[in-house]
Amino acid sequence: MEDDDVADFFDFSKPFKRTVVSGGYINGAVKPQKLNIQTLPERAHQGTEYAEKFCREEEARLMEGWVDETLNKSTASRLEQVDDMSSVMEEDTQHLQRVRAKELMEPLFSRYNFTVTPNRLTIHQSKQDILKAIRENPVVVLQGMTGCGKTTQVPQYLLEDAYNRKEWCNIVVTQPRKIAASSIARRVAEERNCALGSLVGFKVGLKEMVSEDTRLTYVTTGVLLNKLITSKSISSYTHIILDEVHEREVDMDFLLIIVRRLLATMRNTKIILMSATIESSEFAQYFKIPGPNSLFAPQLAVSNVTQHDVSVYYLEDLEKLRVDFTIKYEQPDVHEKMYFLAAKVAVVCDRFIDEFESASTIDYKPSIIMFLPGINEIERMAEVLRNFLGDSNVNSQEQTKFTILKLHSMLPSEEQALVFTKPSPGYRKVILSTNIAESSITIPDVKFVIDFCLHRVLVADTLNNFTTLRTQWASRNNCIQRAGRCGRVMNGRVYRLVNKHFFEHGMAQSIEPEMVRCPLSNVVLKTKLLDMGPPHTILALAMSPPNLSDVSNTVLQLKELGALLRTAKGVYDLQDGDITYLGNIMSTLPLDIHLAKLVVLGYVFSVLEEAIVIAAGMNVKNIFCQLRTIEALRVKRHFANGSASDGIAILNAYNWWRSIREQGTGGDTTDWCNRYMLDRKSLIEMAELVQEITMRLKTANIRVVSGANNARWTDRERTVVLKVVMAGAFYPNYFIPTCVTDRELSDKMVYTEIGGRDPFSTVFFCGFDHSNYIGPLYRNEIRALLTERKPTSEKHQVKVEFERSTNKIFVQFQYPPDQQSGKSLYEERNSADRVHPGVYEAIKLRQLRHNQSELLVMHHNDAVAYATEHRLGVWRNHEWHPRSVEIPNAHLSVEPPIHWNRVTATVTHVEHPNKFYLRPHDEKNDNIYHDIMEKLNGCDAVLRAFPEGYAFKQRDIVAAPLPNMVTGKMARAKLLQQCLVRGVEHWTVFFMDFGLTAGVSVKSFRQLRGTPLDMFTKFPDRVFLASLAEVQPSAVRSPKDVWMEETIKHFRQLVHGQQFDVEVYSVVNRVTMVVLRHNPDDPIDLTVNRALINSHHAQLSEESYMSKMNHEKRKRVQFEMELDPMYKTQILNDISEQQRFLEDDDVDSLELPRDLLKVRLMLRGPYSPLEVKCSSTVFSGYRKPVIIEKESLNSVLLDTNPQNTHEKLLVAGCVNETSNSRLIARMTTMMPNIPGLPALMTLIFAPTCLVKKDPDETRVVGLLAGLGTDPRTGESMYPEHDMSLAVDIAIDDDDIADINALRYTMDSILHGGHNEQTPMFGEYSIESLMVKVKDYLIKILQRDRPIQDNRSMAHDFSWVKENPSTSTSSQKRLRSTAIDIYTKAIFPLYHNLNLRPMTADRMEFLRQHCKDLHLLTQSRVPLPKGGITCRLCNVTLESDHTLRIHFYSKLHCDLELKINYRR
């Protein structure tokens, strides 16, 4: 910078203008609004027009296969797969087939019953018609309503027909759900009186019950689909029956494509399509095959004759119930008044209709079922029903008694089963259900159906890769199926809460097929395995082809995940790409593609078993029950064990359940699951899925690598690596927890919002008027708001305080000490989280209560009279003054006063590096301490025991024996909490002169008060609480952000009982931040603080705003004391800092009279100053508000390290988008607190990254990650998923080299041979590569990197072409070792950074700038309006006070060190 620029910078008379400087240097206070105006480039939408060409070609190919051949009427007999017929004369072929069929089938004919017993099912009347149509046509469409018997009977008809004709048969029947395939097979086997797995069997995933005798197999759609993709043939079956085709699942539609394509060349297999809807003509048209009478496949309809009448009513039929609202049909949703209408209908059905329509088939009141679109609507409907029945005007005679039951997929199976139970006498079941009861569950006693005619469907936005559960009007077919829930055992009534005209003309006949609205990732992978052309040419042949844009976007997503290469046969193709080994594995797993990648990365990082469990748990229905309660949050946090990860909570819960089930401990697992609020059925399903995934991986030669030198993780490392694996699998679902303001200002607000209290244990309410109400009276009531179901002992650990200058109430949660084991307060806390669990639960309560809590209080006059009568204080000058007690001898306190800079002290007790006690060695304190210990333990000491039955009180001071002392040395002890141990009264005490907390029997107590030693009760503690300054647990060693036991042990051995030179950094909330030196002259690198960091037991930490503020104040006071002797004398004589007051808590024991609590206050909250929100990092989502699903651990998202200025990272397993464009992050994981982790994870796992530098190219300031640019146009390939990150750490060439080595090693493990079917390395090589993966990862995560500030780069989505000449020799060397791996790399390597050193002129300018800023703070010259910018850090400071505090930030200190500036 030129000299005149420097002069201009310090010329404060000129106006300040905040601008954004190009290239990365910006004014730190200016929000990057200009960058935010970047908008996504619009890509042309491509519809289904592309499909017409491919459909014409396919139809022509199909017709050509049939045109020259006359259909063989008896093609059910075929044995091509049994014998080679090539040498036999053509005229003898059929004869030999019949002979061989007889030989193979006759043993089965004699062993099993092939005759169908007639039954009452309606389909039996159509038996001969069905068999005739199947014999004469290659494809038949059979329509029959649910319950007609088509699924169980038609396959048996074919078995019987084969028996009668003595022909070969092999029948397969598909079912959309696993449970249906197995249960139907079991039922058919029972009907045929044969063992399951003999003549009749099933295949579900890898679970099967089949044998050589099996001729009828029920399978899931996916099983048959995978078999046909692998074999590319249908010739092994005589009949393929595709059931429930009307559901139009994506697998079924893709199966139809394959079957139709293979049918053209393999015409001897019969295809039967079975549908439950009346609109089956589209299936017939899809199979255009010449038949005896028509070009289309014939359709057969099974008559649907029922014994009971079902009446249907619409909204206009309910006018007598005062329908006073209008439905906006263009906006599908539940109108609030519809809930009340449905409640009225339910009451009318209960009170009046049953009086003249009694049900004679059952001896209790038949049920009502209501169909609602989702869980939230079910909860609201239940609330309305409860309120409706509780209204005395509506239910005055209490005639209506409902048992309200909920039914949806998130409920545990035990709760779902309640809908089948018989209600209590006089009660009627009202079942509130989603569409789960539409077809999956049948409840026979339903008489009334109340249908809101809505449902939620999954809709995929393939452009942004977000999925949305969208509320839509159900189809008429859906509503007809819902109506079929009644009328089974009695007459029924159906009430549709829409107008009849809208139902008939405004609602679609059938639901939109999944192929056009759901994610296509798995089906596109299957098209690649099918190897019959690019994905879009295959999917064009679907009954309802997806949009070409959706196919293209899905291909991009798969390329982003590494399942496809960017090129197809070496050529870049937007709509195609070669499948990788990773893609091959992903396609074989029954998982979402992100979860499949999680499993494969688990293999790469040597945590395969854990990754399989997490993936399976995320794939099945939630294993946790009652997710929206405090108890559920508590249980889930227990399983998470401080990891802040939904995935790890699933892993721990599953492992614990499995160990109990396998070892038989803990009694019945059902009781255990109930106790820990787990869904046993989901756990069993999860266990089966874990087994299936494991077996599928073994077939792909992927298994846990064993060996003497394999990569092994410690328990603490495993938590970190599992989070890393999830970050890799779920890329780019990255979210940055953000504060509303600047990070430094945010840290300040954390403390100012709660008046300087501990933010990790404090919440606050708003809306309490201290001028009208006496807050201290209602401590118990306020505690009850947050501790409703907690034991009394825990309620006493909740401290309630009031701030009269605001309308706030502060609630502070305290950790109860372990009375029996003598465990320290923090060791209790250390086992959970840094933030008190009560804070999480309080915030969750607010969410559940919709931000309001009700508090009953007295009228003002009543409260003043009551409080005055009980001598609780006095009302004076329009405010309440509670009585208080003064701490005596405050001038004798040993807490470091403001003028202390250094002190010699001994460490008396250690709990961990952030909590230990020091006894200072000055003449006054040493004399007092020795006097106390001598009088208590000297030869002349005679201590009296307390009388029997003495009533001890909290805060009493007694003499008690120190624990673990053989001599029984006595010391002063303050009573904290009472407890009983084996029936004997004990107290948890604090030893005031040692800092130790322990449980002691009252029998050991000795009196001090009222004795010659009474004065010792009036001396303050002789120790003070200390914490190592600028030190926090290592995020790699301590992923839970708490101190590990080995670190505590190491620190205890290092300091306990040792004397140190103690540098006092600050004092905040009676905790002293210190630097420990063995000798006063030791440099900073030889301090205990730095020793822990150098040994990787700890990492550097930013001090909190309060700590930096106190530090700055101390430095300023000490500096002025040196200059002004009078000021020094004043400070030395000032004891106000040590003076403490305690409010009398006796008021807590008073029970307020209920009759006086007449005023209802609605408090807002509770809130925590640590609460943060998230922002998305991808282009398509960074402007959208983000919420975390309520069931997630991180639904209460708190910043556990607000003092740190670096960004944290939250990863989501799945992201949905609501109708109002809000993103919902699901299955979330909070990543370890490692500086720069968002950038590091992106560099490791992104397909490619553009590294952005500052204008001088001296440092990295940002990353742009994604698929990169189209080599033909230079434009972003997938702009919606481009991820922009500011880099807030210093990244250098060493980092890039290690990241490249890690990416190359990962690619080496994942890269396959020529056909990419199996890894090209043997197990020994894989083992050594996995060790390298571990070593590189630990090296990357443990490296200490300076902090920097580059927030301006957070939303810069512009790609800049790189200079190809920057390719490094190391990169070229890696390429030459394995050209094939590099050209087909999933994780291509990065270019070297080639950063330039900072110029001498620039460095000198910054040093002078820092010097000027320091002089400015000492000159007392006010800063200009708008503040001043620290050019070193790019941060604007508004006042000289904030400027001084900024000097102590880690960001500023690191950069001062970088430019060699010495203060």
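Including glycine, each Cβ sits where the backbone N, Cα and C put it.
The shown structure was predicted, so the numbers you read here are calculated from the model rather than taken from an experiment.
The domain 'Helicase ATP-binding' annotation in Swiss-Prot covers 131-296.
Taken from Swiss-Prot, the feature ATP binding site covers Gly144, Met145, Thr146, Gly147, Cys148, Gly149, Lys150, Thr151. There are 26 other Cβ atoms within 10 Å of the Cβ belonging to Gly144 (ATP binding site).
Broken down with DSSP, the motif 'DEAH box' (243-246) shows 2 helix, 0 strand, 2 coil. Annotation source Swiss-Prot lists motif 'DEAH box' at 243-246.
Marked as domain 'Helicase C-terminal' by Swiss-Prot on the basis of sequence analysis: 348-531.
Among the features that Swiss-Prot reports, domain 'Tudor' is placed at 951-1016.
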Sparsest-packed of the listed binding-site residues (Thr146, Thr151) - C-beta count within 10 angstroms: Thr146
Largest tally of Cβ atoms lying within 10 Å of a Cβ, found at which of the binding-site residues Met145, Cys148: Cys148
Fewest-neighbour residue among binding-site residues, criterion Cβ within 10 Å, set Gly149, Lys150: Gly149
Secondary structure at Thr146 (ATP binding site), reduced by DSSP to three states: coil
